[in-house]
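Undergrad: Dropping a structure here in structure tokens format, bear with me for questions.
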Amino acid sequence: MGLICVLLVITVSVHVTVDGVITNPLSNFVTVPNLGPTHPMDNPDWVPPTAPTREKDREYWLTSGQARLRRQLELNEQNINVAKNVIIFLGDGLSIPTLAATRMYMGGEELELSFETFPHTGLAKTYCINYQVSDSACTAAAILTGVKNNYGTIGVSGHVPLRNCPLSLQESNRLTSILKYAQEDGRSTGIVTNTRITHATPAVAYAVSGARYWEDDTELPPGCVDIATQLVHGDIGTNLTVALGGGSRHFYPTGTLDRNGEPGRRTDGRNLVDEWINDAVARELRAQFVHDRTGLMAIQPELVDRLFGLFSGNHMSYRMLADAQREPSLQEMTIKALEILRRNDRGYVLLVEGGRIDHAHHDNLAKLALDETVELHRAVESAVRQLDESVQETLVLVTADHSHTFTIGGYPVRGNDILSTGDFSRFDRMPFFTLAYANGPSYADHFYENGGRRNPDEMRDRFHDPDFTYPAAVPYEDETHGGDDVAVFAKGPWAHIFSGLYEQHVIGHGLLFAACLGPDTFHQSDACRERLRGGTATPIRGLAQLLAMLMVLVYIRTKTLLLV
């Protein structure tokens with residue numbers, strides 16, 4: 001009988017109503033005031049939100065639907081030319097919710113980012129071989145080498161555990177990036193990033209390392225070469241046509257300052273920038289090193305064979321917070337790189353990373369993450385415009401390495417400010433933000449130590465500040481990546497092969513196929529087999545084909561002489 005009474009009391013307590021609002025067990029853990037606002041929909045006089053006038057008419061949707069269908073039919077014509085040029089735009093942490101939220105940040109749910117107009121779209125699975133949720137190193141390996149590997153490792157196979165130097169030195173464990181294949185084929189190569197140029201994503205393009213953390217010699221095990229040194233003296237790094245980004249601290253020795261007055265970190269006493277300059281002089285290359293926007297914009301592409309730029313000691317600044325007179329934008333670096341790379345008639349491969357999207361998400365700084373996505377959008381837009389007549393022979397691919405725990409939730413009305421609150425909780429009688437994170441350092445900014453949320457209404461004057469953090473459900477020192485699939489957008493030769501859902505390393509194989517790069521054993525298109533090889537640096541396959549043709553000519557001439 002006592003047990004029944006207890007159950008009755010619990011049942012009643014669960015269904016108590018307060019001002020007409022039914023509570024639930026969450027009320028035992030969340031402070032709910034006896035009096036306060038209710039959800040707008042609970043008001044008898046509530047009027048549903050109204051849509052934009054033109055969208056109320058069915059003809060708008062029928063007409064726009066037919067127009068988009070015609071566009072899809074036109075865009076889906078397949079381009080099977082050889083991709084002489086390849087531009088890979090990698091939005092670090094550019095999750096699908098980030099794309100959607102950025103459209104609203106730009107001014108409307110119906111807007112499109114520049115690359116969202118590309119004719120072909122796919123989805124890539126982002127896990128590392130040993131982690132469900134990936135980092136930028138293993139995902140960059142998938143995209144740039146066509147091989148998935150372990151979390152945190154740079155350009156090595158899955159046989160190399162994180163921080164294992166000896167195994168990373170074994171040739172059988174070392175991976176080959178698309179930039180290496182391009183250089184062997186006589187094409188120019190370039191890297192542009194607004195992170196440290198020795199950071200995980202760009203490092204995979206030119207370096208091999210047992211750990212992404214070995215950017216300089218401070219933590220380097222004996223026998224291995226740090227990433228910065230590989231950029232200057234490595235097999236790929238020494239042949240890069242363009243390298244632009246941040247991270248100068250890894251190229252200058254301790255006790256010295258770079259050209260922007262920032263301290264170096266190297267303990268071996270080496271000044272790798274001076275070594276790069278001296279090496280270029282020894283090779284009789286017209287090379288220039290730049291450290292600020294003024295220097296970059298003054299570059300005359302036709303007078304430069306090599307360009308190296310380091311614009312910050314650490315990562316470059318968020319564009320919204322940057323000194324625009326000192327630090328170039330991602331867009332400006334991309335265009336300058338293309339002006340130099342396109343001089344090679346043989347073609348080029350360019351990697352452009354919008355890396356600070358990721359960093360903003362890690363700190364729960366949603367506004368900065370969206371603004372950095374706009375920067376990537378502008379860089380892609382400008383690059384495509386720059387292509388002009390080469391557009392039909394240039395493959396442009398835009399994707400992300402991994403996702404984040406960033407979400408868009410609630411039921412905000414159409415046109416609601418994406419940075420504001422958008423819905424109301426009946427449990428704690430407070431509004432809540434449309435944007436939120438599953439975890440991160442901002443937990444204490446939005447929750448009391450004894451439970452319950454802080455009222456967002458008290459934060460309204462700070463919603464649009466770049467340093468305003470958005471709610472995190474779980475306290476964590478650094479918001480984590482997400483494990484969901486990421487979008488892939490493609491335009492140009494063989495862009496249609498990037499449609500569908502696939503493992504992320506398939507992107508790498510698709511890039512090599514489209515550009516006629518990679519080992520002879522890799523699948524090749526008919527256009528690739530017919531392409532005349534040669535140019536600025538005759539590749540081995542091109543030389544083999546030339547010798548074969550000469551042998552045939554000699555054979556025919558010999559036969560002709562014998563018959564005579």
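Residue 1 is the first one shown; counting continues down the chain.
Here the Cβ of each residue, glycine as well, is placed from N, Cα and C on the backbone.
What TrEMBL records for this protein is below:
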- 1-20: signal peptide (SIGNAL)
- Asp92, His199, Thr201: Mg(2+) binding site (BINDING)
- Asp92, Asp358, His362, Asp401, His402, His481: Zn(2+) 2 binding site (BINDING)
- Ser136: active site, phosphoserine intermediate (ACT_SITE)
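Please go over these features one by one and say how buried each is and what sits next to it.
TA: Within the same chain, residues at least 6 positions away in sequence whose Cβ sits under 8 Å from that of His199 (Mg(2+) binding site) are Ser136, Thr193, Arg212, Glu215, Gly247, His315, Gly355.
Around His481 (Zn(2+) 2 binding site), a 10 Å sphere centred on its CB holds 23 further CB atoms from the protein chains shown.
Of all the Cβ atoms in the protein chains shown, 27 others lie within 10 Å of the Cβ of Ser136 (active site, phosphoserine intermediate).
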Undergrad: Can you tell me the CA-to-CA distance separating His481 (Zn(2+) 2 binding site) and Thr201 (Mg(2+) binding site), as a whole number of Å?
TA: 15
Undergrad: Measure from the CA atom of Asp92 (Mg(2+) binding site) to the CA atom of His362 (Zn(2+) 2 binding site) and give the result in Å, rounded to a whole number.
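TA: If we compare the Cα positions of His362 (Zn(2+) 2 binding site) and Asp92 (Mg(2+) binding site), the gap is 11 Å.
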Undergrad: Take the mean position of the Cβ atoms of Asp92, Asp358, His362, Asp401, His402, His481, the recorded Zn(2+) 2 site. Which other residues of that chain put their Cβ within 8 Å of it?
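TA: Same chain, not in Asp92, Asp358, His362, Asp401, His402, His481, Cβ within 8 Å: Gly93, Asp135, Ser136, Ile357, His361, Ala400, Ser403, His404.
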Undergrad: Counting only residues 6+ apart in the same chain, whose Cβ is under 8 Å from the Cβ of His402 (Zn(2+) 2 binding site)?
TA: Asp92, Gly93, Thr126, Val133, Ser134, Asp135, Ser136, Thr139, His481, Gly482, Gly483, Val486
